[in-house]
Amino acid sequence: MPNRYYEKDGNLDFLAGRTVAIIGYGSQGHAHALNLRDSGVDVVVGLPAGSKSTAKAEAAGLKVLSPADAAKTANVVMILVPDHIQADLYNNEIAPHMTAGKTLMFAHGFNIHFGQIKPPVDIDVTMVAPKAPGHRVRELYTEGVGVPALVAVHQNATGQALERALAYALALGCLKAGVIDTNFREETESDLFGEQAVLCGGAAELVRAGFQTLVDAGYAPEIAYFECLHELKLIVDLIQEGGLSYMRYSVSDTAEYGDYTRGPRVVNDQTRAEMKKILSEIQSGEFARQWIEENKTGRKNFLAMREKGHNDQIEVVGRELREMMTFLKKKKEVGVPVA
């Protein structure tokens, strides 16, 4: 079993006298910056000129610098911008300032594992990856609870890489819940697989296929939406709270029997074979090469798929039905970014 770390294993002294640069101020960036600041860590935020996030960070009382100046000022640099822009940002603005003894940190291992970022050998390279979106990382920190996280050491030039990563996790609030030891390869490959085969790709296609099956059979799209998409959250919440057994305990016996007898016909041997193929494509670097090339050539295919998905019947019906659901937090409907 991998090592697990808790509050007793972290020591903020390993960040004492050090400045941490949070590069980016999005979902994770704002949570990391605010939590570390509130834990007594000296924090600066690195944002490009003209960033819309600058005003938000400054309103929160944080010092904002350019990414280059933030990296120059800091002893610890946490990169929390999207995967596809990390390499250029690192190479152009951060790398020149990663002098011996500094720490380069990530919340996801994509660019290190697939060689898009190649740090010098005389710095520490670590990961602290909270297993929750940024708003939950911040919310639970303020409640004194914290979210679980993963920790990994890729380079240990100083001999204190793990200790500093655990100090960061402590300041972030994650050691209250517990942090599990991993490595960059395991985190990256398992994270991508989970996204592609289960959480995003798998779940989305399952929902779309179920919806379309009912609609093609003559059922009202509105009914199909409720049965195949809307109620999914109810089931996922039960699974997250207590596992599959708790979900099955909580639903009707009819639903549970259908689970046992029909579920394996949906996710069958052919599905499992495709899952293995998807994992193999991740492990070999094929997916990474495809995604990197997509970004280098203007994201034409990606943006076309995004627009097509936005205009699917299930999405059109969903936008209409959510107007009825006053119990949902009112959120602006998401459009389709063109770039």
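Cβ coordinates come from backbone N, Cα and C, glycine included.
Matching GLY10, GLY109, GLY115, GLY134 to the NADP(+) binding residues that Swiss-Prot gives (TYR25, GLY26, SER27, GLN28, SER51, SER53, ASP83, HIS84, ILE85, GLN86) identifies GLY134. A 10 Å cutoff on Cβ-Cβ distances gives SER51 (NADP(+) binding site) a total of 17 other Cβ atoms nearby, all chains included. Note on proximity: among HIS108, GLU195, GLU227, GLU231, SER252, the recorded positions of the record, the Cα nearest SER51 (NADP(+) binding site) is that of HIS108. For GLU195 (Mg(2+) 1 binding site), the count of additional Cβ atoms within 10 Å of its Cβ stands at 14 [all protein chains shown]. Same-chain residues at least 6 positions away in sequence with a Cβ under 8 Å from that of HIS108 (active site) are, in sequence order, ASP83, MET127, ALA129, GLU187, THR188, ASP191. Neighbour counts were taken as the number of other C-beta atoms within 10 angstroms of each residue's C-beta; across the binding-site residues ASP83, ASP191, GLU227, GLU231, the minimum falls on GLU231. Long-range Cβ proximity for SER252 (substrate binding site), meaning a same-chain Cβ under 8 A and a gap of 6 or more residues, is found for none. Put simply, of the binding-site residues GLU195, GLU227, GLU231, the one whose Cα is nearest the Cα of TYR25 (NADP(+) binding site) is GLU195.
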